[in-house]
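These come from TrEMBL:
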DOMAIN    12-650  domain 'Vitellogenin'
DISULFID  C150-C176  disulfide bond
DISULFID  C192-C195  disulfide bond
REGION    1065-1157  region 'Disordered'
COMPBIAS  1068-1111  compositional bias 'Low complexity'
COMPBIAS  1137-1156  compositional bias 'Low complexity'
DOMAIN    1402-1578  domain 'VWFD'
Amino acid sequence: MTMLPLLPAPEFAVGKTYMYNYEAVLMGGLPEAGLARAGVKLSSKILISAEAPDTYLLKLVDPKLFEYSGIWPNDPFFPATKLTTALAAQLLMPIKFQYSNGVVGKVFAPAGVSTTVLNIFRGILNLLQLNIKKTQNVYELQEAGAQGVCRTNYVISEDVKTERIHLTKTKDLDHCQERILKDIGLAYAEKCAQCEAQGKAMKGAVALNYIMKPAATGALILEATSTELVQFSPFNIMNGAAQMEAKQILSYAGISMSPVAPISAAYIPRGSLQYEFASELLQTPIQLLRITNTEAQIVEVLNHLVTYNVVKVHEDAPLKFVELIQLLRMASFERIEALWTQYKAKPAYRHWILNAVPAIGTHVALRFILEKFHSNDISVVEAAQALIGSVHMVTADLEAIRLFKSMISHHKIQANAVLREVVMLGFGTMVNKYCAEMPACPADLVKPIHDLLIQSVARRDIDEAIIALKVLGNAGHPASLKPIMKILPGLSTGAAALPMNIHIEAIFALRNIAKKEPKLIQNAAVALFMDKALNAEIRMAAALVLFETRLPMGLVTSLADAVLKESNLQVASFVYSYMKAMTKNTAPDYASVATACAVAVRMLSPKFDRLSLRFSRSLYLDAYHNPWMIGAAASAFYINDAATVMPKAVVAKARTYFAGAYADVLELGVRTEGIQEAILKMPEAPANADRITKIKHYIKAISNWRASPVTQPLASVYVKFFGQEIGFASIDKAVIDQLIQVATGPSVGTYGRKALEALLSGFSFHYAKPMLIAEVRRIMPTTVGLPMELSFYTAAVAAATVDFQTTVTPPLPENFAAAQLLKSDIEIRTAVTPSVSMYTYAVMGVNTAWIQAAIMSRARIHTIVPAKIEARIDFIKGNFKIQALPVQGVDKIATAIVETFAIARNVEDLAAAKLTPMIPMKSTTLSHETFTSKINSKLASFASSLGGGLSTSSEIIPVDLPENIIKKINLNAAFAKKMCGELETFGIKACTEIESWNAAFIKDSPLYAIIGKHVLIVEIEIEIQVGEKAAEKIIKVITMSQEEETVEKNVLLKLRKILVPGLKNATRSSSSSSSSRSLKSRSSSSSKLRSSSSSSSSSASSKSSKSSSSSSRRRSKLVDINAPLSHRASAKSRVLSSSSSSSSSSSSSSSRSSSRMSKQEFYGLKFSKNHVHQHSVSTARASSRSSASSFKAIYNKAKYLAIPPVVTILFRAVRADHKVQGYQAAAYWDKTTSRVQLILANLVENDHWRICADAVLLSYEKVMAKIAWGIDCKEYETQLFAETGLVGKDHAMRLKFTWDKLPTSMKRNAEMLSDYLRDAAQLAGMTMSKAKNAHKQLKLTVAFASEKSLNIVLETPKMTIYKLGVGLPVYLPFGNTAAELVVYQNNLADKISYVLTKAHAAECTLVNDKLTTFNQRIYKNQMPESCYQVLAQDCTSDLKFIVLLKKDPALNKKQINVQIADIDVDLFTLNNDIMVKINGIILPIANLPYQHPTNKIQIKKLGEGIALHAPSHGLQEVSLDTNTLKVKVVDWMRGQTCGLCGKADGEVRQEYQTPNGRLASNSVSYAQSWVIPAESCRDTSKCYMKHESVKLEKQIILHGEASKCYSVEPVLRCLTGCIPVRTIPVTVGFHCLPADSNMSRAQGLNSIYEKSEDLQETTDAHLACRCSAQCA
């Protein structure tokens, strides 16, 4: 590197005035030529002279401003003369600046120079900023400039020949120590560093070139040029980007000896070289306003909004609403208050003001809302709405936070729970937004909430503690970590006593803190997760937070290792499922986590994949497109603490990725703790003192029994937007009781009466809701000194007008009864006009209060879908009529226009604003085909889909293209289409027009595809006229046979009575004349729906008839072939209605045997009928025994039912041209033949296309239906049979579908459906086999293998598909279940609840000594003699039931004791019969079933045994027969039971849980821990055993020291004075003490069960004892 001689810094000599020519251009647009750009230019002469050493004056001479909006580079700049004149006074004022060694210091200017103009001067001074190192020619430093302190590179070279120094300086604007920019609306967006590593959304750099002439004392700048380029694209700048280019040229013009004189005004310090933000923060970039009288302009805009948004939304309403917001931002607080005083009494004006105030975006809005609420000017609802908007739109500063803090303690806000919630959560959000911009965020901001949390926890105010935690969660301040950890279990000693919902909220409050301090949160969350003593839900919540911190590989591996050893399957399933889901992650920010999880999943056992969906799960799904930097992710977590149907908690979250950032857009959390129990269990458990006393007596005898926590009926929900909780609600038992009281109280009737009267009197209302949905801005300075802005705005106004009127004939009296309405003619008229207008802007360019020059993309959406409906209900005549009427003046129901243009305008000459489309239009025509599909009518469409096709037409639409790029254009980049659909019958035509003209022909990227113009218009045309006279001609008389004509006349009379209520019997002459007209027209015309002639139709009809008869004969043969049944099907038949008397065990064994049946055996079984037809038509019976012949006989006897229709439905169009169009449907019911007929016909006079449907109830077990359609219902025909019968010995149902001839399109669709069914059958695990079944026939047979399973067979012509033992989610109401439902009589809700609870009940069985727990773990239970064991009980403090088991040594039989409600039930064996004893009194078997007089408890005979049912008490069933004992608990009791049957929580690894919560090491120790010991050897139960801790009878050396050991698990031993008769070895844990320990047995054994386990050894447990005579 060549070293230059010492180079002096630039300087300006004293006594000289240096003259320069200056030009600055700031231009924005796409980089390609031939497209539009927008920009600003400033040209001027500059004078610089020294006032004092190191202090200089800078003055502009003849400054001129220019604007640009045109096609670059062809169009010229145009001068902004008026703006130049307006700013001349400021531009011509000299400013002062300090300058030493090439570095600009402080800047001084008079107060009359605005900040915006001063920034222009800073842009000039920025060219003079040169940090020259005299000994280096290439170097790098962080240099201060107008845009901040950024990385700057210097390269200096010398041209010796010309004696010039060339200096190049470049700035990287993406690497700044201090970058000057202002973000608005981005507080909730998180930067995605990993996303930006793969692509950039914005990049900027500056290059400056200097030519300097060395002088004796310094260097003279001869020329300085600056070029700044900023590229931006939300879809990655590598795929094409818009750009802002700033150029400056400063050229030396000479030296003058006339000094620059300062003005007489005082020069005050105005900062440094760095840019300062001015009024551009208040100025929206989407419009430029000349504000002369703020108050008057606000009133003008308000008048416009109120006047033009009454019936429907005005198209420009969103823009006017934004204008109102901008004016309010400019107004002072006093002016806003005066405006409110003027309009607060006018609801329409008041509404617009209150919606606009939050969008002011400063603490002025908060102050206004607070003061108006305190003075009772606004209601609670208005205050809540305004505050919610303010939280998210007001800029967070210390004053705004102070206002929220003052609101928290205000008595009026504390008195309202909703408002207090909004304010509290809003306070946390404001702190979060403030800290996002201020890294050094003081902890004092959240200290009041810390104090509130500590105080509420101290006084056990749970609700207050929860809301304090939610506030801290919103704030996300790291200082909150310490107080939160004080209430987390395992991390604080006093936290264990707090409710679990407090712990969960505390963990979730760490999530926003984790974004700032992930390491600290990881440490706390890992500690919580690894603590296996904690509740599983707490540990899963900790895992959820842990994964959000983007775990490193080491921690993920540690978690995987912990999951391998995890005993709780809920926790293991949750973590494993999340890790597995994360392996498919594509988002860059979680790429490292995905890699770590992929390794962890390989470590984990694949058996976790086989866990059922009842276990807790984590789901994650995302899609990220790296080239476009856009993506979305969704995650869902559902948490169970027991394997119940309804999860305990569900959390769902959605995240979006865009332009190198991400945001958690929406999160919804629901807790359903206790809801399932509250719905299904009894309304209030009877607090029977005797039962509770007995159960407590039993469990007191069990060592250290601990009750499970009672699940309170509770539901809660919360909603988060952008990571901030905006609202939550909790429903506890008190709220439910209050709602029930209100719903069942007398006030409901009063409210209902008032609502009915309001409906009858009519009402109308209008509501408009304006919203500033999005305001996202980034403002940053350019080298020119003008600000560059990137912004995104969305504003919308939605409105609805409803008019509802009712007329009742005859008029109702004043105090009418509701029943009188059933004797009235009610006419209802309603008009609804919903409309929406929405504007979206994306802007890039210059935005100041006096000039704007930008590229703007604007999307305008306007929709209006009016509806006008009249309904008439005549209860007396049984008529119901509804009309949809045309809405006048509405043709376009939806319009969407997206256009991009370059705009330049200044505040002094707004009329001269210039707008240039981005893509220029020239008169070059290109033909492009568009298609318009016409659908003649709805029925025509249906007919075409069955037998015909659609017609299409096309037209040519010209499209203009720019001349200079027509050779390059791709036709896909520019097109225009118009698609129309026409419903001729009702005179409705809808069209969609699409036009698109974009820049995608230049570069295939999303940004270029958006830029241009896109138009979408949806139009609707309606030609309908309302009139009574037209209705008289609407009915069509169709002449067929004499019989059919009679039917049509009946239809005619019925319809005319409906349409014209005053019309009496029509004359025969008019009817006959109408018929004759119909006959004449039929002979000469063909239907509009088909192109075939009458002759071809009739020939087709005859062919169809022949085909039908031959097909019918073929079907008869097929039925005869299938008639023989196998030997299994010929067994004794059972009808479906007969109830089964088999036991539950036999039923289940039958189900199991059915499931085990081989496929060949099942395939051999055929469906057999067990019924006869009720229609004994002799001729039909003689000819055929088939159902088809029975139906045919009925059909031939009367093809059309000659009776009045039961229901007639008419769809008609009353047209201006009096054309009779529409459809009529008539339904007939012949009770004598059990026949239903439905005929659908077109009202067009010459149209004979119809649909005819016939159905006959052949018997109570068989129904047959026939559907025919086509001309006179003779073209196509299908038949459907539904019947019940048997498959083997199982009840069954069969559906059979046959056909003769089908349209081609229907066959094609049937083939597609067949392929789909085949694929679906494979996925469902069904078996398929090829077969030659009946032709043109489908059969579906469903056999009821048990009350909860089905066998299914589907036969198609070429294939048979079947599956055995298909499980059902409910029990079917037959057999045992039908008998059990008798107790519920006519209560449908209770019946549904019963079949649901029975289906999902947990079952425990004991056969001989083999016990299968609720969790399906099997072990051998060695029962002690005469001692009760707790088989199952409600382990909460409610103690709803207990089931005890005892073995009778004399009979060697089991006995059961059930204590529930106020009864004590014993089930026992006597003479090989199962007997029942209630409260000590034997109940004769003949008296069963027994029904409890007040509670839903039933005892009934079940097969060879007896069963007790009490599902509302948590006990689904307790049954005992000679071999088997069963206990079933309802689903909502899962996890709340204990005893030999376990907890029913799905946790197989934690099955052997003893009464004190310790896990036993084996089944023997576990079973003995649930024995109820005797109190003395004189116990009437003859149980002579007790629990005790035994001493290990052998010498133990532990840790090198002789020790004596005692069991930490209770061992069953005989009472004192008794000796064991039968023993069993049992392995238990022992705790050891030093052998020389003098601790007494009484002292040591009091707490021995709480001690740790040092070793396991085997000892003897006693199963039977004999006591001495003295003891007994």
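Even glycines carry a Cβ here, placed using N, Cα and C.
Structure coloured by features recorded in TrEMBL.
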residue	record	Cβ neighbours (10 Å)
C150	disulfide bond	23
C176	disulfide bond	19
C192	disulfide bond	21
C195	disulfide bond	25
Alpha-carbon spacing, C176 (disulfide bond) to C192 (disulfide bond), which is rounded to whole Å: 18
Cα-Cα distance linking C150 (disulfide bond) and C195 (disulfide bond), given in Å to the nearest integer: 23
Between C150 (disulfide bond) and C192 (disulfide bond), the C-alpha gap once rounded to whole angstrom: 22
